[in-house]
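The structure under discussion appears below in the form of structure tokens.
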Amino acid sequence: MVVSHMLGTTPSHPLHMHSQKAAESVWAQSSNWMPTEVDVFDQKLDANLFVVVAGAQNPEAILAAHDPTLFVNANDPQDFVELAEDTAETLKDATMHLKEDVTIDEAWKSFQLQFPEVRTDLFHVEKDADKTFIIEMKQIHDLIKSLKPKDKETKFISFEINGLQAVLDTYGANSEQYKTANVILRDLFEKTVIPDFHQIYAGRGVATFVLTPGVRRLSRRAEPGSSGVCYQSRAACKEATDSCSGHGVCRSVNGCYSCQCKNTFVGESCEYVDATADFQLLFWTGVGLIVLVGGVLMFVYKSGDINNGIILTQSLPKQD
């Protein structure tokens, strides 16, 4: 399990800044999860499960039975989603994602049946945040239950959970809805996702859970979908935008798919370079240099012996 913290970071902290330390930490633990086969030609893993949870203010409430393997200095879930997207692109035939055709009616029925011990009545399908969370729970349950062992291809199973972040933004961290959502996620992971995955791929599967805190992205870009561009599926978004021009990923917000661009790109298809930050840096650097040079010249001017604007000179005394 990987837990992301906000200490000493910014919402746009790049993933590559700590990738070396993260890799070293993971490799130090490799003896705990790598198979013991010595044949280099033997396939070591049958599946990789990669889960990103946004809005996890208290990771222990979600995965209480598991200690973090390592901590990283990135608090934006998008960094890890991009990592998963890059991996998925290299394993297209063996990649599994959440189904996109789940309706709120079937998701709500499944939600009530799957979590009878919690107060599901706190959630309402009319609210966007609740709807997102409920549908995601159904999608994850269906994906895990669809897994089958002994497939020919190594599976890469990845999904991002944004519903918890939506509940956090709507109700707050101290609300009953957010606390209940944490309990539901814990039950889903501990009773379904983790045991089913390890049972199917016993000893030959690695599961990674990335829990990032609730962080509002401070960005000049509009939220996905606000530009009027809305695609009904991830596939339609990727096809229409050429996979966001290779500078972003298609994400769903309230059932609407659009491009979420990397920090240095903007546009409906992430086709433009955002040079605002570079311009501001050059502009204020220029202003600073002008002020500095002006101050130096003023200091030199005032340091002379001036009388009515004329610098007086003195001749040396004559030597006899």
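Quick reminder: no glycine exception, Cβ is built from N, Cα and C everywhere.
Residues or ranges marked as domain 'EGF-like' in TrEMBL: 259-270. Residue counts for the domain 'EGF-like' (259-270) by DSSP state, with H, G and I taken as helix and E and B as strand, are 0 helix, 5 strand, 7 coil.
Away from its own ends, the transmembrane segment (281-301) comes close to no residue of its chain (no Cβ-Cβ distance under 8 Å at least six residues beyond either end). If you look up TrEMBL, you'll see 281-301 marked as transmembrane segment.
If you take every residue in the domain 'EGF-like' (259-270) and average the pLDDT, you get 83.
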